[in-house]
Each structure stands twice: as structure tokens, then as C-alpha cells.
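Some notes on the structure that comes next.
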Amino acid sequence: MNSEYDYLFKLLLIGNSGVGKSCLLLRFSDDTYTNDYISTIGVDFKIKTVELDGKTVKLQIWDTAGQERFRTITSSYYRGSHGIIIVYDVTDQESFNGVKMWLQEIDRYATSTVLKLLVGNKCDLKDKRVVEYDVAKEFADANKMPFLETSALDSTNVEDAFLTMARQIKESMSQQNLNETTQKKEDKGNVNLKGQSLTNTGGGCC
């Protein structure tokens, strides 16, 4: 294990173009915000190290372009991702409607064990909101994924979103390791029993 960190998690940010994925990542990684952020072309990424439950977790966060013409480029990044954050804009109904399509993309390209988080960005724009919290929460619950509303502008829940994702992955990995350890012990017990049986059977042979 690397001495600089205990875990390395690969996260993916997906969602329609213009929902604020890059601004969320910039706020989380550098604690800055800009209105002049240029739309991502293809894929960009940043690295952020955080402390989580006494462990050092290195997050490799990939920011993908939402435009259709980049879809084939970004699809390859689904594989190998531990967690995928689907972002929509609370002031843009179409971006929320698009979440279903993004979930289909995850089913198509990601592993079956990948973890998901739904994020409604731009919650600071209260007067322009068109997607209600309860509607999005119900959708997230139906699809068995956590849900948070964020604002890259004023930092609301931005850190919580990434840490929620990281914690999910860490807990999933811990459970997986526990299951594997239990399975190995069971397998070892079976091997010993079989070995003993074979030894006894062959005891009279020269």
C-alpha cells in the first residue's frame, strides 16, 4: 500500500453540459469559483486528498464533457470508476430529465458494482428553481442512490457530496474485503477436510 494514502478512489462526474460539473470540481479541489469556466472538451481531472474516518483517501476525479459529440470519448472512463456522480441543474428541467439517460450509460459502460450519487447543483438560485427537492429525492430513492443539492457558487454541500461518495466506496470495499476473507477461511477449511480425507484413503498405499 502506498505510504502517502490508504485508499485511491476514481470518481466520475457526468451530466448534461452546463449543469456545473467543472465548477463543482473546481470548488472542491481548489475552493474557487468562476463564471467564465470553459466547457470541458473531452475529459479533465483533478486529484484531491481527504481524511475520512481516520484514513487518508486520494480521490482521482474525472470531469467529463456532457455534449453528445464527446460521448464515445468519455464512455471509456466509466470502466474502472469506483463511484459516479450524476449532476443536474435545479433550474433546468431538461438536465434532470436527462438523468435517466445517464443512468442507462452507467448500466451500459460501468461495472455492476459501481456506486452512484445524484447531485442537484445551483441550489442557490432559489427564484429560478424548477426541479423540486422532493421530486429529485423520490427519484434517487427509487434508483437506490443518495441525493444532495449543492451550490458551487456558495459551497453548499460541495464537500459533503464528494465525501458522501468516498465514504460509500470505502464502506463497500470494507464489506467486500470482509466477504472475501470469510470466503477464504471457508475455502481453506474445505481444502483441509478434503486433504485429510485423501490422506486417510491413501494411507495403505506404498
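In case you wondered, yes, glycine gets a Cβ from its N, Cα and C as well.
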Pick from 37-45, 82-90: which range does Swiss-Prot record as motif 'Effector region'?
37-45
Quick check on the record annotations: which of Ser76, Ser174, Ser197 is tagged phosphoserine by Swiss-Prot?
Ser174
Of the residue ranges 14-20, 154-160, 189-195, the one that Swiss-Prot records as region 'Interaction with GDI1':
189-195
Which of the listed positions, Ser95, Ser172, does Swiss-Prot note as phosphoserine?
Ser172
Taking every residue in the motif 'Effector region' (37-45), what is their average pLDDT?
62
Nearest of the recorded positions to Gly20 (GTP binding site) by CA-CA distance, picking from Lys144, Ser172, Ser174?
Lys144
Tell me the Cα distance separating Lys144 (ubiquitin cross-link) from Ser17 (GTP binding site), rounded to the nearest angstrom.
24
If you count the C-beta atoms lying within 10 Å of each candidate's C-beta, which of the recorded positions Ser17, Asn35, Ser172, Ser174 ends up with the smallest number?
Asn35
How many Å lie between the Cα of Asn35 (GTP binding site) and the Cα of Ser172 (phosphoserine)?
36
